[in-house]
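Scroll down for the structure; my scribbles are underneath it.
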Amino acid sequence: MDCREMDLYEDYQSPFDFDAGVNKSYLYLSPSGNSSPPGSPTLQKFGLLRTDPVPEEGEDVAATISATETLSEEEQEELRRELAKVEEEIQTLSQVLAAKEKHLAEIKRKLGINSLQELKQNIAKGWQDVTATSAYKKTSETLSQAGQKASAAFSSVGSVITKKLEDVKNSPTFKSFEEKVENLKSKVGGTKPAGGDFGEVLNSAANASATTTEPLPEKTQESL
């Protein structure tokens with residue numbers, strides 16, 4: 001260390017007065033989790049910010065009740081009597097319910113109502129409840145309208161097909177073809193009054209063609 005550094009070290013003065021002792025106001029302990037020094041303003045916890053102690057598992061809930069909420073001996077005794085009364089009423093109602101269920105089973109046995117019949121009745125009642133709802137009625141009406149529209153569409157398609165067939169039958173091409181078939185029939189198998197069905201004309205022409213192409217019978221041995 002040279003002389004210059006020695007001079008700077010000697011000229012340095014600490015801002016703290018160590019001879020005056022330690023200011024105890026800066027020292028504090030916080031075992032409760034409070035990180036603010038003594039005397040500093042703290043944030044009051046109200047409403048949602050309030051942290052109430054939560055009982056641990058197995059801890060008696062009564063131990064967490066504050067001193068202002070502690071019940072007196074008379075109040076505790078009254079609550080115990082009320083608790084015993086409620087438990088007795090629950091037990092009585094359970095016994096009454098068991099007796100009613102037994103009586104109900106006996107009535108069903110006498111009426112011949114078995115589990116299957118009861119299930120059918122429940123299903124029928126459930127279906128009636130479903131059909132009575134507005135949603136089911138609306139859906140049924142929608143499906144009915146859709147079916148009517150589909151029937152009308154099929155009917156219109158059939159009408160269009162029938163009209164197309166009639167147009168084809170009345171067309172000049174079809175009539176010319178029908179006349180040619182009739183002429184062929186008249187040449188092959190003779191004339192037939194006009195007005196016949198087109199199917200009959202075709203059948204007659206086919207029969208006539210089969211007759212003309214039938215082979216001649218062979219001569220018997222006697223003619224020889």
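Cβ from N, Cα, C; glycine included.
The stretch that Swiss-Prot tags with region 'Disordered', taken from the ranges 149-186, 187-224, is 187-224. Residue density at Ser176 (phosphoserine): 10 other Cβ atoms are found within 10 A of its Cβ, drawing on all protein chains shown.
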